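**Student:** The structure's right below; bear with me while I get my questions together.
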Amino acid sequence: MGFFSSLSSLFGLGKKDVNIVVVGLDNSGKTTILNQLKTPETRSQQIVPTVGHVVTNFSTQNLSFHAFDMAGQMKYRSTWESYFHSSQGVIFVLDSSDRLRMELLKDELMMVMEHKDVVSRGIPIVILANKMDIPGAMTASDITVALGLNLYRSGTWSIHSTCALTGDGLDKAMQQLSAEITKYMESRRT
């Protein structure tokens with residue numbers, strides 16, 4: 001079996017390693033989402049707030065992800081951009097029930113979407129509208145309008161409703177991200 005996996009990697013048939021940056025305001029559910037994406041036997045039983053960054057590894061059908069889970073507290077947000085240049089994708093997690101911080105959220109999201117490394121390289125961005133299970137949470141379409149996402153060219157970003165606690169919506173979002181990253185990597189080879 002080791003021989004065949006080595007052979008498939010040699011011919012480019014194995015899983016491709018990719019780096020992604022996972023950002024968003026504090027308490028949006030970034031770490032819980034990444035924990036949900038891991039295999040059941042590797043999931044943590046207790047989630048603690050991220051300080052600085054933590055690397056989490058997980059896989060989809062064709063990609064092996066190295067996710068840089070970035071702290072969302074204000075004092076750490078300036079470090080996000082130093083990871084964009086070596087990433088093939090960005091996940092931006094937001095708390096869809098946190099209406100009070102929508103303006104701040106918009107500013108931080110625009111910083112990511114307009115960052116020179118993200119724009120010049122065409123890095124795909126998947127926005128996870130998390131905590132959709134909370135009563136009064138905004139819908140993905142309401143968030144799109146509130147954040148002005150409809151002003152950005154489609155194809156560079158997508159938004160998905162999720163619930164980190166149950167995993168609802170994560171499969172679809174990761175399929176989208178995997179497809180966009182695969183397309184991105186293929187375009188970089190030509």
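Every residue gets a Cβ built from N, Cα and C, even glycine.
For 24-31, 69-73, 130-133, the entry in Swiss-Prot reads GTP binding site, with the evidence type similarity to another entry. Annotation comment: Swiss-Prot describes Gly2 as N-myristoyl glycine, evidence class sequence analysis.
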**Student:** Using Cβ atoms only, which residues of the same chain lie under 8 Å from Gly24 (GTP binding site) while being at least 6 residues apart in sequence?
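**Tutor:** Residues satisfying the criterion: Lys30, Gly72, Phe92, Val93, Leu94, Asp95, Glu108, Leu128.
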**Student:** Indicate whether Met70 (GTP binding site) is helix, strand or coil by DSSP.
**Tutor:** strand
**Student:** What number of additional C-beta atoms lies within 10 angstroms of the C-beta atom of Lys30 (GTP binding site)?
**Tutor:** 30
**Student:** According to DSSP, does Lys30 (GTP binding site) sit in a helix, a strand, or coil?
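**Tutor:** Helix, per DSSP.
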**Student:** Check each residue in the chain of Asn27 (GTP binding site) that is at least six apart in sequence and keep those whose C-beta is under 8 Å from its C-beta; list them in sequence order.
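**Tutor:** The list for Asn27 (GTP binding site) reads Pro49, Gly72, Asp95, Asp98, given in order along the sequence.
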**Student:** Where does Met132 (GTP binding site) sit in the DSSP three-state scheme?
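**Tutor:** SS state of Met132 (GTP binding site) = coil.
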**Student:** Tally every other Cβ atom lying within 10 Å of the Cβ atom of Gln73 (GTP binding site).
**Tutor:** 12
